[in-house]
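*Asks:* Following this message is one structure expressed as C-alpha cells.
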Amino acid sequence: MAAGEARAQLQYGFYNTSCPGVEEVVRSELKGIFSNDTTLRAGLLRLHFHDCFVRGCDASLMLNSHNATAEKDADPNLTVRGYEAIEAVKAKVEATCPLVVSCADIMAMAARDAVYFSDGPEYEVETGRRDGNVSNMAEALTNLPPSDGNVTVMTQYFAVKNLTMKDMVVLSAAHTIGVAHCTSFSKRLYNFTGAGDQDPSLDPAFAKQLVAVCKPGNVASVEPLDALTPVKFDNGYYKSVAAHQALLGSDAGLIDDSLTGAYVRLMTNDTNLDTFFADFAVSMINMGRVGVLTGTDGQIRPTCGIYVD
C-alpha cells in the first residue's frame, strides 16, 4: 500500500465512536505495568519498531509458531520484550470493546505512552490499523536494520519503508532509553576488523569501562544505550553519540556522516530539545504508517499472540 493510501485510511480518533476512551484505557493499564517494571518502557518502544519494519505495523511480531518460524523467533527479536504487556492491555480493551481495537493500534499507543512516561514528548497517534495473520522468521532477518550498519546501510533499510534519512537519525534516538546486550557490540571491543582489535572510534576511557563489564563470551550482561540518562527520554543519546560513547555501530556511525552528524551535533544542545521532541513525534507517526492494513484487510482478533501453524 502506498504511504498516501495509508494516510488516507489511518486517522486520529478512529475509535471515537466505536470504542470511546480506548486511549485512556491503554494509558491507565500501562501506567500500572510501568510502575512494576520501568524497563518495559524501552521494551514496548522497541516492540513497535521491530513490528513495523517487518510486514508493516500489523502486530505480526505478536504471532506465535509451534515450529519456531515466526518473526519473534528470529535472532534480532530474541531479546525483544513486552509481549505480555501488550496482551494485558489488549485484554483490558477487549473487556470494554470486544473485537474492535487492533493489536497493531495498541502497540502504536503503547510505544507513544512509553515515550510519554519516560518524560518524552506527548503526541497523537493515528489509528485504524488492522492485524496481519502471517509471521515469517526469514522476513525479520532481511528487514530489520543491523546493529552494526553504517549510515549508508541504515538509510537504505529505512528508505525501503518510505522513511527518510532524517527519520532514521531521529528514530535512532529511541536508544535514549533501554539497554543493549554485550553481544550486540562486543565486536567493537574485541574484534572490530577481524584482527583482534578495537574500534578506534570508541572513546578510549568509555571502551575501558565496557571491557570491564563485557568480558568475551558474556552473553547475559547489558549496558545502557544512553549512559548519561538511561531511563529518561531526552537528548542524552545524541550527547553520547557525539562523544563517541555509543554502544552500537549503527549509532556510532551517525556522527561520521556530514548530514546525520550535523543533526546529532545540533541536538546535543539542550535548547533544541523541543525541536528533537517535535521531530521524534513526526517520525514515529511516519513509521506508524508503514505497510498498514486498513479497511477490510487484515483482522481484529480477541488476543494478539495466536499461533499461525
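First residue shown is number 1, and so on along the chain.
Any Cβ shown, glycine's included, is placed from N, Cα and C.
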*Asks:* Mind checking which of CYS57, CYS97, CYS103 has the disulfide with CYS19 in TrEMBL?
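*Replies:* Of the listed candidates, TrEMBL names CYS97 as the partner.
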*Asks:* Just confirming the record: what cysteine out of CYS57, CYS103, CYS182 does TrEMBL connect to CYS304 via a disulfide?
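*Replies:* Out of the candidates CYS57, CYS103, CYS182, the one TrEMBL links to CYS304 is CYS103.
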*Asks:* Choosing among CYS57, CYS182, which residue does TrEMBL name as bonded to CYS52 by a disulfide?
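*Replies:* Among CYS57, CYS182, the cysteine that TrEMBL links to CYS52 by a disulfide bond is CYS57.
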*Asks:* Given ASP58 (Ca(2+) 1 binding site) and ASP234 (Ca(2+) 2 binding site), what distance in Å do their CA atoms have, once rounded to a whole number?
*Replies:* 28
*Asks:* Can you tell me the mean pLDDT for the domain 'Plant heme peroxidase family profile' (9-308)?
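*Replies:* Result for the domain 'Plant heme peroxidase family profile' (9-308): average pLDDT 97.
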*Asks:* Across all protein chains in the structure, which of the disulfide-bonded residues CYS52, CYS182, CYS304 has the highest Cβ count within 10 Å?
*Replies:* CYS52
*Asks:* Go through the recorded positions CYS19, CYS97, PRO145, HIS175, CYS182, ASP226 and tell me which ones have a CA within 10 A of the CA of SER60 (Ca(2+) 1 binding site).
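*Replies:* The recorded positions close to SER60 (Ca(2+) 1 binding site) (Cα within 10 Å) - there are none.
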*Asks:* Starting from the Ca(2+) 1 site formed by ASP51, VAL54, GLY56, ASP58, SER60, GLU71, give every other residue of that chain whose CB sits within 8 Å of the mean position of their CB atoms, in sequence order.
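*Replies:* Close Cβ neighbours, site residues excluded: CYS52, PHE53, ARG55, CYS57, ALA59, LEU61, GLY132, SER135, GLY291.
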*Asks:* Centre the Cβ atoms of THR176, ASP226, THR229, ASP234, go out 8 Å, and tell me which other residues of that chain have a Cβ in range of the Ca(2+) 2 site.
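*Replies:* Once THR176, ASP226, THR229, ASP234 are set aside, the remaining close residues are ILE177, LEU228, PRO230, LYS232, PHE233, ASN235, GLY236, TYR237, SER240.
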